[in-house]
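J.: Below, the features straight out of TrEMBL:
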TRANSMEM  B:12-32  transmembrane segment
TRANSMEM  B:52-75  transmembrane segment
TRANSMEM  B:110-128  transmembrane segment
TRANSMEM  B:140-160  transmembrane segment
TRANSMEM  B:202-221  transmembrane segment
TRANSMEM  B:249-270  transmembrane segment
TRANSMEM  B:276-295  transmembrane segment
TRANSMEM  B:302-323  transmembrane segment
TRANSMEM  B:329-352  transmembrane segment
């Protein structure tokens, strides 16, 4: 591929670049996070930076924002060399940053957050009223509407992100860096964000978008730079490239973006959920009567914006419903009813019933980050007879087992003594996946299997999930990535507000159709008779007791 | 990747902290017009210079091993048990009740019986705070420290009104039967044909403490229960995901912790005083926190830290005896050691980590 078309974007080549990096290198200990990075971002463009996890994107941006000092290299802002020692210098140079994890004071109002750190004097009132005026103007210009008097904790995630952008604009940022901005947004919110970014570009602002989602890069950027293992491997005009090409550049080899799988051969029902309801400790009904069935040899994907009850569903099935919640309804696995409360309702008992679980949050739940890889391989199964005799654990047996799993799942580095926190996100996930899949569960619960996982590992994990399905196991897949749901699932159920809005077959489903369901609109009421029969209907021909 | 080699983490860091604490202690001693060198030699001589000194150092160390292990076990379940003082005091009551009520003909029978009594009473004193934490979410730090005061008041009442022999003016129990007196290490040395540590209180409990170190190590790092305790201590959400019952682990960890603290009583109550007196624990429960901190929550570290604090206790006593340095200053020195090795650990650790990182970079 003809790479390094450095001069993307619109303005004339004579104009100085908004940002130019020359030979930036940065090492942490023996890890070279950035190696001799050259980058040119033209004024008034949206420049994407894409790369796998751990490719060095965030390090590079942290250098630009003054969090890290580069070991060598030069930074030019608007053609002027600049030594960025701290974020204050960056802000004065017109650089604004919107972090993946927002830096907002939860119980302050929008206005208070905006002026925090840039108050004009000892009294707040003048600053606040000035900010109110600026905010009104920005809201009109860029569709950045937020209620200035609302406290942050009352705002949706999308609105909180707008406050972060407003903060940067209020500090007169000309160059806006956004780190994985859409990770927490609904598709509609993401579209809105892109409209805002386009508006900003039209005003001559420069935007750097860090992401690992190829679709976003293709949709909105003018130019894109690809990072791989700390190096900048290519800078190209977006119009002249393709997702496949970018993916290949990111991982350095061809990857399959679509999962190859044979049609499902559904067998007997494994999981049967009837009228499952859950009321949390503050009295809010989070699950409002879920009915679902999954047969052997079938992947049921649950699509939906996060926060619509998927987490509660996984936790209840996994054996640990939220503290203080009340659960009712019926859940059967292989015909055996599961305890939904009381002593029998725990994850250990679920595992004995043939249930495996890859949790949504591997760092908080799936792994003990300080434990070595081999200990994490036993985690959850530490009572298994092959892992020891009586109360004692057989460390050699566990390590042998762990070494095998690490080899078969290509965990890198292949050392079982390393603590989980020292593996990259993708390799951490492989440890969890290896542990749960190799137990050969009858039913595998999977939450966000590839969140924060690089493309190479995504492909690998998807393949293993399909293999498990082909071995005749039932799989419940929850993901906020529609692509993942559509390419992996044999059936798709869409969750909204604690309910199943509808079911679709992936081959008939469109993003628009699913998007409507995810937003709580049932197209069936608009166009009756369309789509797949609701779950209840297709269940009636199943034997109920076995 | 670890920031620095293991030996630097577990040996170098506490050592530097210790030297810093000693340096500041020396300045304080200078400031009141005494000689730090004389103080240091007096302490070393008094605590380690003779078998007599060693006998006391090891006696104190035995107390601190038990209370240090107690803090350590709870810590691995992410529970900060600062009720060792009260649990050890209650352990003493357990020992006294067993030895005064059961006609035990020989120390070899009395020791296990007393150990059970001590551990049961210590564990019982940790039971209510543990239950309140596990079931009601009452913070263990608050409840255990309140239980220290309750234990002190309860023991006062029990000793004065119930256990005090009629006619005695002393708020203490009757002496334990002669048959239950534990062999002192000096007696054991004599039996082997040499003289060691004459008139020192160190007794066979020291070996029990060493055995406890090994057993606690086994429990935490080699058993399924220890795996659950450590996993729960690192992450409660992960423990729930793995099917580990938080209530069960909280209760077990606190009961083991309280039991270990209570076991201290076989050393100070059964082995030394041979009766239950008021305030028998003498702050050993709190020293246990410093011991566990300095020992980096590992039994070997706890053992070594307990020896150090045993040395400070005995050496400090000698200092008060042979020099004009006031008794209060010894508390200052001990506090400095706790401050530097426990609370100010990161002050030494972080520059060290930076140094090792820089060295590695130059090497690479």
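A Cβ is built for glycine as well, from the same backbone N, Cα and C atoms used for every other residue.
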J.: Counting Cβ pairs under 8 Å that sit 6 or more residues apart, are there three or more between the transmembrane segment (B:12-32) and the transmembrane segment (B:329-352)?
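T.: Checked: the transmembrane segment (B:12-32) vs the transmembrane segment (B:329-352), in contact.
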J.: Tell me, please, if the transmembrane segment (B:140-160) and the transmembrane segment (B:276-295) are in contact, taking contact as 3+ Cβ pairs under 8 Å between residues separated by 6 or more positions?
T.: yes
J.: Name the range, of those listed as B:52-75, B:202-221, B:329-352, that has the largest tally of Cβ pairs under 8 Å with the transmembrane segment (B:249-270).
T.: B:52-75
J.: Of the stretches B:202-221, B:276-295, B:329-352, which racks up the most C-beta pairs under 8 Å with the transmembrane segment (B:52-75)?
T.: B:276-295
